[in-house]
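Per TrEMBL, these features apply:
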{"type": "REGION", "residues": "1-24", "note": "region 'Disordered'"}
{"type": "DOMAIN", "residues": "60-189", "note": "domain 'Poly A polymerase head'"}
{"type": "ACT_SITE", "residues": "ASP78", "note": "active site"}
{"type": "ACT_SITE", "residues": "ASP80", "note": "active site"}
{"type": "ACT_SITE", "residues": "ASP158", "note": "active site"}
{"type": "DOMAIN", "residues": "216-276", "note": "domain 'tRNA nucleotidyltransferase/poly(A) polymerase RNA and SrmB- binding'"}
{"type": "DOMAIN", "residues": "335-451", "note": "domain 'Polymerase A arginine-rich C-terminal'"}
{"type": "REGION", "residues": "433-462", "note": "region 'Disordered'"}
{"type": "COMPBIAS", "residues": "442-462", "note": "compositional bias 'Basic residues'"}
Amino acid sequence: MCRKLFTNTNKDQKSSNQDGSNGEVNLNIITRQEHTVSRSHISENALKVLYRLHNHGYDAFLVGGGVRDILLDKQPKDFDIATNATPEQIKELFRNCRLIGRRFRLAHIMFGRDIIEVATFRGHHQEPEKNQSAQSKEGMLLRDNVYGTVEEDAERRDFTVNAMYYNIADFSIHDYANGVNDLKDGIIRMIGDPETRYREDPVRMIRAIRFAAKLDMSIAPATAAPIKELAHLMTSVPAARLFEESLKLLQAGQGLATYKLLRQYDLFSALFPTVARHFTEAQNSDVEQMIEIVLNSTDKRINDGKRINPAFMFAAFLWYPLQYRAKDLMEVRKLSYYDAIMMASNELLDDQVKQLAIPRRHTATIRDIWQLQLRLTRRTGKRAFQMLELNKFRAGFDMLEMRGQIEGGPTEELALWWHEFQDAPSVHRQNMVQTLGNPKPTGRRRKRPQTKRKTTKPRSQE
Ligand code: ATP
Ligand code: MG
């Protein structure tokens, strides 16, 4: 894959870091005439921050996804700035500044809801032998709070395409790790020794997958090679951080592609052990079918600019694992289906949050969506009408439809019934409920109209 990102493509950078095996970086400067990043691509607030730092004599660079995405002609998600000003110096310059972070102090410059993150250049962490407590025995960085030069800052970044710095002083791009060439070639390449860098921060493994899927790039062989073997290190990442990462991975518009890559690298099971336990060679179990259906629908919603509710995806991922666990409980403990589901819900969510801390507000919604699967079967009397009024009805119905696609039979019929019921005029609704109570003695089934079924627009994820 070769992309044209620059107005002058004959300036191919030479670097000693081509194979990613060398932690040192080499600076190549791409002048304003030779690249396509213009100030009109950068948000007004980010420009204000860059200029203010610059006008007060500090170095100020736009860095990371901001530069990378503009070069790819994509809209950056956010604008991150790096500077040699310390957090205290930054705070002096901006009234609307908040310092955050214990591990590494960062400045947040607040413009209403828009936040521009400004980080002081990071230096090298202490040598492990000099300061044992900075690294765990697996090599993971526990502290990360030394300031440094821009070169050191570049070496500390994860991938070459994330270590390009746009300099507000002369609008050039400082490319420290040959990111420009990798961006052209569509390659995600770790800066430095991949295994060491993954051990320092295992989240870099899922970041490699995320960028490969999001940017439609391939992972350099040396960067990909250690991942399977080190996938188990994900268990040492705090569960709250993994929850945040899982949203960036699966709810950012390329969820299905990301899921497939995560599986390929044995990383999905590190995030969702309770789900991955049910994976099959053929990849077509009900658990796997549900994951594909829900990620497909989530991607579509995001790419159509619609809102999504994160809980819905988790509810769908865990629905069939919940059924299997409930079935076991029914057999072993002789519980009713209802009681088994209740007990299995608690056990399953407890297990899942140990690895990936789904917050309580979401687990409450997940339980509601599951509960509705049981309640949607009961439609007689006033029940069906009351159900429509429920807050989570739409989410429950959407999941029922997805289950219908997988299970067919009575589940699909139930989903069709609810589909018709929701949009039907009130007299017809009454009829539908009455027919349930008094099935026609002939046993003749009401025929569905021949018109093509309107495709439902899942609102559940709102
Ligand atoms: P996006 O915002 O589109 O998800 P991004 O590259 O901007 O992508 P961020 O998470 O916003 O990613 O991080 C900003 C930059 O900080 C990255 O481009 C990278 O240079 C650096 N970075 C972030 N996380 C890590 C990490 N775990 N290890 C090393 N560098 C990192
Ligand atoms: Mg970013």
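Glycine residues also receive a Cβ, built from the backbone N, Cα and C atoms like all the rest.
Caution: TrEMBL annotation is automatic and unverified by curators.
Where TrEMBL records a feature, it is marked here on the structure.
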residue	record	Cβ contacts under 8 Å, 6 or more apart
ASP78	active site	GLY65, GLY66, ILE115, GLU117
ASP80	active site	LEU62, VAL63, GLY64, GLY65, GLY66, GLU117, VAL118, ALA119
ASP158	active site	MET190, ILE191, ARG197, ARG204, ARG207, ALA208
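Looking only at the domain 'Poly A polymerase head' (60-189), the predicted model's pLDDT averages out at 89. Checking the active-site residues ASP78, ASP80, ASP158 for a CB within less than 6 Å of any atom of ligand 2 leaves ASP78, ASP80, listed in sequence order. Secondary structure from DSSP puts ASP158 (active site) in coil.
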